[in-house]
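Straight from Swiss-Prot, the features:
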BINDING   Gly77, Phe82, Ala128, Glu129, Arg146  S-adenosyl-L-methionine binding site
REGION    215-239  region 'Disordered'
Amino acid sequence: MTVEWLAEQLKEHNIELTETQKQQFQTYYRLLVEWNEKMNLTSITDEHDVYLKHFYDSIAPSFYFDFNQPISICDVGAGAGFPSIPLKIMFPQLKVTIVDSLNKRIQFLNYLASELQLQDVSFIHDRAETFGKGVYRESYDVVTARAVARLSVLSELCLPLVKKGGQFVALKSSKGEEELEEAKFAISVLGGNVTETHTFELPEDAGERQMFIIDKKRQTPKKYPRKPGTPNKTPLLEK
């Protein structure tokens, strides 16, 4: 009944799950657990917890941001595909690119996309710092990341990939406000401007989430992102 639980939760936000989408989520869960036995994809494997803390949590940004349009999305450090694969299942017209530094995860995502019959998805084995210096720099409508690093660090990894006029959608847990304050300098330096913040609770008291929508107002200076590892070691902070 877990996929039916997800359907009920989404219905409260006027989102209807089709039978195809239900089957896709069921397949996603099965493959996630199977592959997780061979490699570390997630510490969450209980079926209900996966639907709540991975699937629902990944779809929740669509309550506050319009993903129902033909936009290109880059998901930085998506791990087992969160949030972009659940979003792709819900909004099939999205063009999704996932960048991840671990090749094993890319292998899983390629197999997953094939089994789910997803079109317009690509998975790239690279560090975000290197990827952001290449041909895809400033080419995406939306770049997203889900709690992979502090916001000051995430901004340097993500904002260089956002096209001018696009958005960086940052998904954080409950300490997001502190991180946002610390990250404002970096966001400004990298050409961004925070335009919306949303705070919401997951169902069943599963925790608070915060979502920041950052508009790309100016081009990112060419020197960013810095070389791999530097953003994490020495984040861009106001001196």
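Cβ coordinates are placed from backbone N, Cα and C, and glycine is handled just like the others.
Just so it is clear, the model here is predicted, and its values are computed rather than measured.
Structure coloured by features recorded in Swiss-Prot.
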residue : record                               : contacts (Cβ under 8 Å, 6+ apart)
Gly77   : S-adenosyl-L-methionine binding site : Val99, Asp100, Ser101, Ala128, Ala145, Val148, Ala149, Leu157
Phe82   : S-adenosyl-L-methionine binding site : His54, Asp57, Ser58, Arg146
Glu129  : S-adenosyl-L-methionine binding site : Glu156, Leu157, Pro225, Arg226, Lys227, Pro228, Gly229, Thr230, Pro231
Applying a 10 Å Cβ distance cut-off over all chains shown, what neighbour count does Arg146 (S-adenosyl-L-methionine binding site) have?
24
Consider each pair of residues in Gly77, Phe82, Ala128, Glu129, Arg146, all listed by the record as binding S-adenosyl-L-methionine, and report the largest Cα separation in Å as a whole number.
20
Residue distribution over DSSP helix, strand and coil in the region 'Disordered' (215-239):
4 helix, 2 strand, 19 coil
Including all protein chains displayed, how many Cβ atoms other than that of Ala128 (S-adenosyl-L-methionine binding site) lie within 10 Å of its Cβ?
27
